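Accompanying notes for the structure given below.
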Amino acid sequence: MNENIAEKFRADGVARPNWSAVFAVAFCVACLITVEFLPVSLLTPMAQDLGISEGVAGQSVTVTAFVAMFSSLFITQIIQATDRRYIVILFAVLLTASCLMVSFANSFTLLLLGRACLGLALGGFWAISASLTMRLVPARTVPKALSVIFGAVSIALVIAAPLGSFLGGIIGWRNVFNAAAVMGVLCVIWVVKSLPSLPGEPSHQKQNMFSLLQRPGVMAGMIAIFMSFAGQFAFFTYIRPVYMNLAGFDVDGLTLVLLSFGIASFVGTSFSSYVLKRSVKLALAGAPLLLALSALTLIVWGSDKTVAAAIAIIWGLAFALVPVGWSTWITRSLADQAEKAGSIQVAVIQLANTCGAAVGGYALDNFGLLSPLALSGGLMLLTALVVAAKVRITPMS
């Protein structure tokens, strides 16, 4: 029955791709991600200006992720049948307002309020991004459209911190956020001009969000999503101490490694649609298996700089398949409830990121330098096994 509903949902899709709207969504995503991580490179001047410690200033990133998790869970219940075009415009306005509130913040409270606004937009936008994409392009083009959106994410992750640091030294941290607000205005204009009307789901399609987990293979999919992202953050959060102490990279060398990782991630995302067209399940099982082998290689031969640098590139290429692949899984296997599935997915990812980083840090402090790698590799291997054995992928119609 669920398959029949999904097939009908896909059959009602668009006949021709609306690439202008897809790129508008991608631009909004890139701006959201960039602003999310701007404080990472601006903590010191922000803390000094507001008279707080850098640790306290760092909570401006934490509160964004925390609010985003709850926003992703409840946004579809709140917006219900509202035209998604207006919702995306609202998120772009919230992005702009957040930047301005942070720019003019004269207290830590106002700073957190501004960052909470960003969390609302970030979580809500991610929750509906997959369903938006599948309504802007034909079913066969969805992986390509998703690769465009996640390619924008990769670019934002590469440039956010260095760009913020560079501009902050020239124009000051407040003007960096003013510049980001201008980007938010551009988001609003582009979305208004390019995004068509996208009515909310009809009442007969409404279903309790968590009842989706009772569908065959869905709970297994969410567990696999959790393990893959927890595995990523268990290692990547601590890549600096691992690479500097295990492989002996200095700061400049580590910068090049991270840049290589970012470029590889962008390349992997750009070509992910070609892999996913052949087999979504193979990509979702093969990528974490390759990452598990990469973690094992680092544990055994990571003291060699060449090996360590090569693994960073392989890791960036392989993990790039993971977010695009799971979003494609939602558009294929949960097409009739893509928004609610996206809400659960985003919340699971946010929780996984937090747990992965926390457990990885505990392991590093208590079990040694290689323990985050072992934890990450183990989680990636389990992910591959769960996907191969339990996750179902609906064939493309």
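Placement of Cβ uses the backbone N, Cα and C atoms for every residue, glycine included.
Under the topological domain names given by Swiss-Prot, TRP19 lies on the same membrane side as LYS281. Long-range contacts of the transmembrane segment (344-364) within the same chain, counting only residues at least 6 positions beyond its ends with a Cβ under 8 Å from a Cβ of the stretch, are 65, 68-70, 72-73, 123, 126-127, 130, 209-210, 212-213, 222, 225-235, 237-238, 241, 326-327, 330, 371-372, 374-376, 379. The largest share of C-beta pairs under 8 angstroms with the transmembrane segment (86-106) comes from 176-196, of the ranges 22-42, 55-75, 176-196, 256-276, 367-387. Just going by CB pairs under 8 A, the stretch in 108-128, 148-168, 256-276, 367-387 that sits most against the transmembrane segment (22-42) is 148-168. Distant neighbours of the transmembrane segment (367-387): 220-221, 223-224, 227-228, 230-232, 234-235, 237-238, 241-242, 245-246, 281, 284-286, 288-289, 291-292, 294-296, 298-299, 302, 356, 359-360; these residues of the same chain sit at least 6 beyond its ends, with a Cβ under 8 Å from one of its Cβ atoms.
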